[in-house]
Amino acid sequence: MWAPRCRRFWSRWEQVAALLLLLLLLGVPPRSLALPPIRYSHAGICPNDMNPNLWVDAQSTCRRECETDQECETYEKCCPNVCGTKSCVAARYMDVKGKKGPVGMPKEATCDHFMCLQQGSECDIWDGQPVCKCKDRCEKEPSFTCASDGLTYYNRCYMDAEACSKGITLAVVTCRYHFTWPNTSPPPPETTMHPTTASPETPELDMAAPALLNNPVHQSVTMGETVSFLCDVVGRPRPEITWEKQLEDRENVVMRPNHVRGNVVVTNIAQLVIYNAQLQDAGIYTCTARNVAGVLRADFPLSVVRGHQAAATSESSPNGTAFPAAECLKPPDSEDCGEEQTRWHFDAQANNCLTFTFGHCHRNLNHFETYEACMLACMSGPLAACSLPALQGPCKAYAPRWAYNSQTGQCQSFVYGGCEGNGNNFESREACEESCPFPRGNQRCRACKPRQKLVTSFCRSDFVILGRVSELTEEPDSGRALVTVDEVLKDEKMGLKFLGQEPLEVTLLHVDWACPCPNVTVSEMPLIIMGEVDGGMAMLRPDSFVGASSARRVRKLREVMHKKTCDVLKEFLGLH
């Protein structure tokens, strides 16, 4: 009895084993022995844990906030973002010796059956892991598309990319307004009371110069905090955005999207973020937006104060007394008398407050902790309207307007949304040209700007002296200045060391005496003067460097001479 049963038992087992072997050879695991499905379960690490140059930028615009990984999708992690909080972002993986990433990472992952729900996103393999990312390339063929956010995009792909970058959903809508914008000169076409409609596929090239949606505002933060500026611009085609900080005596460093420099980051939507702000981070941060139709520059002031100074900086003058107006006209006190700090001073020529290096000599009162305190003390009138950027505003009652562009020196058309604009907003080109550029004093003059900054100008110049202008003679289209020389820093062609106590005669070329540049006036204030030599004569052109002398500037120039910086610049930049 036992033997037959045993044979039947082994016979059945052999059948089961054969079936299992057949299924395995065919690549179909039996249901009872199916492998457990791969689960990501928040495996991986945050981008900034893997590489300090990888940041959780504004792709989610800080809206997908979280506190733990469990609040995110299984393939995501809860990571610190640019806003100082945390948001869900696709996890990253890196190979470790002897390991191939965290447990649960598939060996050969593909995008098959991997869905990206965000509009404008697509699947990509990152270190063997499928992740969703925003499209970074769009076709160049125009197919203008009106979207539910009130904007017109170059084509559908650009609309989807914008939706992805902001983590929102955009839909195509019927175009209600259609303006054909000129570059500069001709006035905008008159519109009827009932605007015509146009198909998004209109082949007519529609261009509009960049315009801001929101007015730039000053921000003041305490040391160690995080601050961000968003240059929210519109234009057709979509403007390219760059950021730069206005630096004293140095070339500005231009930063583009996805650019990291120290504690300053420009995200993929061109949002400027400053982490762990320090006193030296204070200053004017300038956003430049440009497309084929025009260029726009907007200044975003940032003040950084110590914690115990935050309350004190709100008062512009003690006991409520008016700040002496004469102090606002004095040059910044850059002499070195102790600890150097970044402060603000009022620049009457620029009609704005700018940063400088304060050396605690206290020779005048034109130094402030914050931009706001400086403006409250010294800004006697409204900010020059013509120097403001074109501002569309958030509303959608679109109308054609004109604004003065200080970069091109011309009035240009832009789309006004109907609310929250600024003073640089005119109903016609004629009205714009009658009002701009903004008159300063009795003249319509712009600030003189040298062709290069301090160091580059020094290397390009034939002579550099420290001196005071004792006499100035005006002639048609030119002039002569007698300069009492205090010190010769550079002299390649004139032999100034043999001059003795005699003043140096400098010829001023191509001078418009209504708005003279360089701004040379008779004064006891010491100047740094850099110019050219032709036939043994010292000459200054309108773009020559002439600026107030300070211990810091002179120290910088001595350092340039000592380190032979000009030799390096001549070799790599071709200076002569």
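Cβ atoms here come from the backbone N, Cα and C positions, even for glycine.
Residues or ranges marked as disulfide bond by Swiss-Prot on the basis of similarity to another entry: CYS62-CYS83, CYS66-CYS78, CYS72-CYS88, CYS134-CYS164, CYS231-CYS287, CYS337-CYS361, CYS353-CYS374, CYS386-CYS436, CYS395-CYS419, CYS411-CYS432, CYS448-CYS517, CYS459-CYS566 (among others). As annotated by Swiss-Prot, domain 'WAP' applies to 39-92. Residues or ranges marked as domain 'Kazal-like' by Swiss-Prot on the basis of sequence analysis: 126-177. As annotated by Swiss-Prot, domain 'Ig-like C2-type' applies to 210-303. Taken from Swiss-Prot, the feature domain 'BPTI/Kunitz inhibitor 1' covers 328-378. Under the heading domain 'BPTI/Kunitz inhibitor 2', Swiss-Prot lists 386-436. As annotated by Swiss-Prot, domain 'NTR' applies to 445-566, with the evidence given as sequence analysis. Sequence annotations record features per position, and here Swiss-Prot assigns N-linked glycosylation site to ASN319, ASN519 based on sequence analysis. What Swiss-Prot lists as signal peptide is 1-34, and the listing cites similarity to another entry.
Recorded stretches compared: 126-177, 210-303, 386-436, 445-566; the one with the most Cβ pairs under 8 Å to the domain 'BPTI/Kunitz inhibitor 1' (328-378) is 210-303. Using DSSP to sort the residues of the domain 'NTR' (445-566) gives these counts of helix, strand and coil: 25 helix, 48 strand, 49 coil. DSSP classifies CYS287 (disulfide bond) as strand under the three-state reduction.
A gap of 49 Å separates the Cα atoms of CYS66 (disulfide bond) and CYS436 (disulfide bond). Confidence over the domain 'Kazal-like' (126-177), given as mean pLDDT on the 0 to 100 scale, stands at 77. Just so you know, of the disulfide-bonded residues CYS134, CYS353, CYS432, CYS448, the Cβ with the fewest other Cβ atoms around it within 10 Å is the one at CYS448. Over all protein chains present, the Cβ of CYS361 (disulfide bond) has 14 other Cβ atoms lying within 10 Å. Nearest by CA distance to CYS436 (disulfide bond), out of the disulfide-bonded residues CYS78, CYS353, CYS374, CYS566, is CYS353. For the pair formed by CYS517 (disulfide bond) and CYS459 (disulfide bond), distance between Cα atoms is given as 21 Å, rounded to the nearest Å. For CYS164 (disulfide bond), the number of other Cβ atoms no farther than 10 Å from its own Cβ, over all displayed protein chains, is 24. The shortest Cα-Cα distance between CYS164 (disulfide bond) and any of the disulfide-bonded residues CYS337, CYS374, CYS386, CYS432, CYS566 is the one to CYS386.
When the alpha carbons of CYS395 (disulfide bond) and CYS78 (disulfide bond) are compared, the span between them is 35 angstrom.
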